[in-house]
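K.L.:
I have a structure here, written as structure tokens, and I will follow up with some questions on it.
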Amino acid sequence: MERSHLPETPFDLAHSGPRFQAQSSGNGSVLDNVLPDMAHLVNPYWSRFAPMDPMMSKILGLFTLAIMIISCCGNGVVVYIFGGTKSLRTPANLLVLNLAFSDFCMMASQSPVMIINFYYETWVLGPLWCDIYAGCGSLFGCVSIWSMCMIAFDRYNVIVKGINGTPMTIKTSIMKILFIWMMAVFWTVMPLIGWSAYVPEGNLTACSIDYMTRMWNPRSYLITYSLFVYYTPLFLICYSYWFIIAAVAAHEKAMREQAKKMNVKSLRSSEDCDKSAEGKLAKVALTTISLWFMAWTPYLVICYFGLFKIDGLTPLTTIWGATFAKTSAVYNPIVYGISHPKYRIVLKEKCPMCVFGNTDEPKPDAPASDTETTSEADSKA
């Protein structure tokens, strides 16, 4: 695939970063301090923009450092707890473990590289590391998104289908994880062998798939990639949680009607919605889908802006979109790990200071069959 070529510049690291005075002069282009070995990868579109304010680079660097620490600690603890506790190594929790592992690898592979480039205010690691960085972002991002999808579908299978559903076994869970990684590897390798390419983004401190070149090759990749790595898992997540909430709402309604027939106020010890299975599942569903949208949709919109030649795309918007997408690695351990009651119990045993609030599971006064069904739904939430 033909790429844009720019003339080599007399740029060197000694005059980059905070010491590069031309950055603050208000003159020149963002491409003025691109390294010669990266010049042929940069799209000429970005030449119209002035260099990013050095203060913004510092802010982005500190923000990236903060989310890296939070994410690596949070996901590291989830991997340690779920992987090191035999009672938690269930088929469903293997998917949670896979999600935490991919999120950990995402931040461990992306954040240090971004911080280095934020300091120098350009990509200083060469074309090879551009491919490695962008490839890791694509690989672990795809694994995380599809892990979330498989988790949602597992909840759908247990809560909606119930005894009519096929229980997931360790073997089934491992097969799903292998499928996720094989698909992610496929989409990661394609730009390396000619279907699209990995190139620097507008601010020159990060690399991603090429969404600026006006050719069918990169366009076809981005459209197909977004179909399989965004729209398909999004549809499956929404589909699963829609029927989960509907099923639990029907169960709650049946319990209330049964309570009326028995001439009691409730079959539960409390009608507090926050403590009911319906309330918990609704919160998890809303949180999951909302955070998923918040993290990834802005970056997809940025890619489509470039794909369809829409004005308004700037180096600053591209880097904030890329950085914000990575915050999904911070949300996931909270949604999928800390909300897990048994996880909180084990975490309190191994690290009491890491747990806030009560870790005791509620014990409603209900018939055994109702309690068992509700507890199963709660644990899946």
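Placement of Cβ uses the backbone N, Cα and C atoms for every residue, glycine included.
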K.L.:
Are W46 and T314 on the same side of the membrane in Swiss-Prot?
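P.N.:
The record shows them together on one side of the membrane, with a shared topological domain name.
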K.L.:
Tell me which of C130, C136, C273 Swiss-Prot records as disulfide-bonded to C207.
P.N.:
C130
K.L.:
For the transmembrane segment (57-81), which recorded stretch in the set 134-153, 221-248, 284-307, 315-339 gives the largest number of Cβ pairs separated by under 8 Å?
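P.N.:
Going through each listed stretch, the top one turns out to be 315-339.
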K.L.:
What's the CA to CA span in angstrom from K326 (N6-(retinylidene)lysine) over to C130 (disulfide bond)?
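P.N.:
Cα-Cα distance, K326 (N6-(retinylidene)lysine) to C130 (disulfide bond): 17 Å.
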K.L.:
Just how many other Cβ atoms lie inside 10 Å of the Cβ on K326 (N6-(retinylidene)lysine)?
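P.N.:
Its Cβ has 25 other Cβ atoms within 10 Å.
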K.L.:
The transmembrane segment (94-119) vs the transmembrane segment (173-196): three or more C-beta pairs under 8 Å (separation of 6 or more)?
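P.N.:
Contact between the transmembrane segment (94-119) and the transmembrane segment (173-196): present.
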